[in-house]
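Taken verbatim from TrEMBL:
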ACT_SITE  Asp36  active site, proton acceptor
ACT_SITE  Asp176  active site, proton donor
BINDING   Ser9, His67, Gly143, Phe144, Gly145, Gly146, Asp176, Gly177, Gly178, Gly198, Ser199  substrate binding site
BINDING   His34, Asp36, His67, Asp176  divalent metal cation binding site
Amino acid sequence: MANKLIAPSLLAADFGNLQRDIEMVNNSEADWFHIDVMDGVFVPNISFGMPVLKAINKHATKTLDVHLMIVDPDRYIKTFANLGSHNLTVHYEACTHLHRTIQAIKAEGMKAGVALNPHTNVNVLEDIINDVDIVLLMSVNPGFGGQTFIENTYQKIKKLKQLITDKNASTLIEIDGGVNTENAKLLTQAGADVLIAGSFVFNSKTPKKTIEDLKAAANN
Ligand SMILES: O=C(CO)[C@H](O)[C@H](O)COP(=O)(O)O
């Protein structure tokens with residue numbers, strides 16, 4: 001089984017001690033930093049934007065996996081590339097010309113991701129899956145950390161995995177929301193490649209060990 005990746009979500013970090021939390025992730029078994037940018041329009045919450053990403057990039061030593069929960073993301077593709085993003089994920093629901101957006105992300109040298117809200121059927125990606133590096137399945141409604149995992153996600157992962165196999169694509173499946181050591185193994189067994197975890201990691205008294213436990217559960 002391929003190495004399953006863990007991406008702690010900085011949304012749940014202590015912003016007053018951001019450098020400390022970034023160093024913790026740097027020194028842990030985590031693979032990526034997950035960074036949620038919210039605009040208060042596409043989702044009912046505002047997180048952080050460019051200056052914070054610039055600060056994260058100064059200290060982070062791992063892949064920056066940026067998730068744009070914003071309307072009309074095309075406006076900022078170049079900006080996020082310049083800020084050091086390695087992966088840039090946009091929402092299917094926020095894009096009018098998804099193919100064009102994906103090409104624009106790749107043209108800036110980044111991996112292109114597409115996120116699907118819980119209500120969006122994975123079939124909408126049928127004609128574009130070979131162009132997509134990462135599909136991020138929201139396993140909670142986007143906008144807030146600490147929500148309960150939506151069980152329907154398992155069947156979406158299996159369906160998406162089948163689509164990827166049928167189309168002979170090499171797309172990674174990333175899961176976002178409510179991930180913990182209870183569901184990590186079931187998620188990777190269903191076909192997930194990358195697990196994002198925010199509150200489960202940063203609310204833990206021993207976050208570095210929690211990342212280790214998640215990594216072990218995901219790869220068990
Ligand atoms: O995209 C997100 C919310 O919209 C986050 O990445 C999500 O917050 C993950 O956090 P948690 O592990 O606490 O559910």
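Cβ from N, Cα, C; glycine included.
Annotations in TrEMBL come from automatic prediction, not curation.
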Notebook entry, point to check: Of all the recorded positions given, namely His34, Asp36, His67, Asp176, which is spatially nearest to Gly143 (substrate binding site) at the Cα level?
Noted result: Asp36
Item checked: Neighbourhood of Ser199 (substrate binding site) by C-beta distance under 8 A, where only residues 6 or more apart in the same chain count -> Ala12, Gly145, Gly146
Next item on the list: Please tell me which one of the recorded positions listed here (Ser9, Asp36, Asp176, Gly178) sits closest to His67 (divalent metal cation binding site), measuring Cα to Cα?
Entry: Asp36
Next item on the list: Inside 10 Å of the Cβ of His34 (divalent metal cation binding site), count up the other Cβ atoms and send me the figure.
Entry: 28
Next item on the list: Among His34, Asp36, Asp176, these being the recorded positions, pick the one whose CA is nearest to that of Ser9 (substrate binding site).
Entry: His34
Margin query: Please report the Cα separation of Gly178 (substrate binding site) and His34 (divalent metal cation binding site) in Å, rounded to an integer.
Written below: 14
Note to self: Are there any residues at least 6 positions away along the chain from the residue listed as 'active site, proton acceptor' with a Cβ closer than 8 Å to its Cβ? List them or say none.
What the structure shows: Ser9, Leu10, Leu11, Ser47, His67, Met69
Next item on the list: Return the residues near the residue listed as 'active site, proton donor', defined as same-chain residues 6+ apart in sequence whose C-beta is under 8 angstroms from its C-beta, sorted by sequence, else 'none'.
Entry: Ser9, His34, His67, Ala115, Leu136, Leu137, Met138, Ser139, Val140, Pro142, Ile196
Note to self: Taking every protein chain in this structure into account, which of the binding-site residues Gly143, Gly145, Gly178 has the most other Cβ atoms within 10 Å of its Cβ?
What the structure shows: Gly178
Notebook entry, point to check: If you draw a 10 Å sphere on the Cβ of His67 (divalent metal cation binding site), how many other Cβ atoms land inside?
Noted result: 29
